[in-house]
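The structure under discussion appears below in the form of structure tokens.
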Amino acid sequence: MSCRTRQVQEKEAIVAGNSDEVAATASPDKADVSSLKRPFRVLSLDGGGMRGIYTAAFLARLTDQFARIRGTTALDLGAGFDLITGTSTGAIVGCALAVGRPMQEVVSLYRDHGPKIFPHRITGKRSALFRAGRGSTYVRQGDKALREALTGVLGAKTMLDIFQVRNISLSIPAVLMSTHRAWVFKKTPRSGVRDDLYPLVDVCMATSAAPIYRSLAAINDPNSAGGPKQVFADGGLWANNPIMVGLVDALTIAGPDQPIEIYSLGTCPRPEGDHLDEESAHRSMLDWSLGADVAPLSISAQEFAFDNMARLLANAMSDCGRSIRRVRFPNKAVPASMMPYLALDDTRPEAMDRLVHQAHTDADLTKSACDDRNNPEGAMISRLMNDLPAMPVSGVVWPTDDDQKG
């Protein structure tokens, strides 16, 4: 039904005095509250390098609070979503959720392996120049360390495994270097079979292959045994905030009258903006740390742009009668005191401690919003948490090979 057709129906209903029809047509949100239809739920996770520890710690803290209220040890957060989309570090967290790994285990991944994944931190002009001479050594080391860390959490599971065993769709943005075009590793009810056999480890390597900071990802093409490897770059180059990827796929997968709920989570982004004078506008490569300082700028710009595009599109479609709700959390300003700890490659223990502490603070604020009966976003999150199944007593939904050996 077009928006124009709906508007005509509303006018006819008003003329006829049919107030119930007007309420159901013009106020889809109210209709959905009383509806028995299960919403199609999407989790969207931003990229952000080492700040992925914030995402994992936030989700661990929030789900732990609801688990204790419900009288269970832990909740299976991944099982609460029909679709998970994540970019770069967000894909690592998202795939771990899809497999059913505890978020505290992902926090440990960043703590234990972060310094090996990013063995050299770019802190300014001098470190950028030093990196220019020895960069390939560092990114090779990081590539090996990340693959080992991911294998320990994700095992050999594929995109198809997640869809068949867990009934969770995945959409993971990347860039295919042979065409310089966007690529989404995708397994949904409508996606076909192209990406079925990609291991999650390879997918995460591809979406997190950030230029300058990490190696490009050269992975096997499972559809061409023995053929040349495919080379990918970080999905954050075009969709660091993948909410639009999730929204488009949700509209493709969900039933025509099924409400859509999108839960979008950032990575404690840097406070936005640079106050520059005219002279500062004349920046050279070195002033951009040989390109390293471009990544945070791109992330901030994309986060704002994609979130607002999703908001405007969701509102427009809701006006046409399609119920789409989105919540971006946490939605409070990042404290200025966090600025020294927000670099994409900052693996210092104090930086990780501060990110985890901030994640816990923000999770507690989110729980407070959930307790506020007049907060619609809090109510949406509460319904999600109360619908989650409990984790098995073992704490692992789907054991890896290492778990089974142990």
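From the backbone N, Cα and C atoms, a Cβ is placed for every residue, glycine too.
Taking TrEMBL as the reference, the stretch among 5-10, 47-52, 317-322 described by the feature motif 'GXGXXG' is residues 47-52. Taking TrEMBL as the reference, the stretch among 86-90, 111-115, 256-260, 401-405 described by the feature motif 'GXSXG' is residues 86-90.
Long-range Cβ contacts of the motif 'GXGXXG' (47-52) within its own chain (Cβ-Cβ under 8 Å, at least 6 residues beyond either end) map to 86-93, 106, 110, 114, 118, 207-208, 210, 213, 234-236, 240-241, 266-269, 299, 342-347, 351-352, 355.
Around the Cβ of SER88 (active site, nucleophile), a 10 Å sphere holds 34 further Cβ atoms from the protein chains shown. When the Cα atoms are compared, ASP234 (active site, proton acceptor) and SER88 (active site, nucleophile) turn out to be 6 Å apart.
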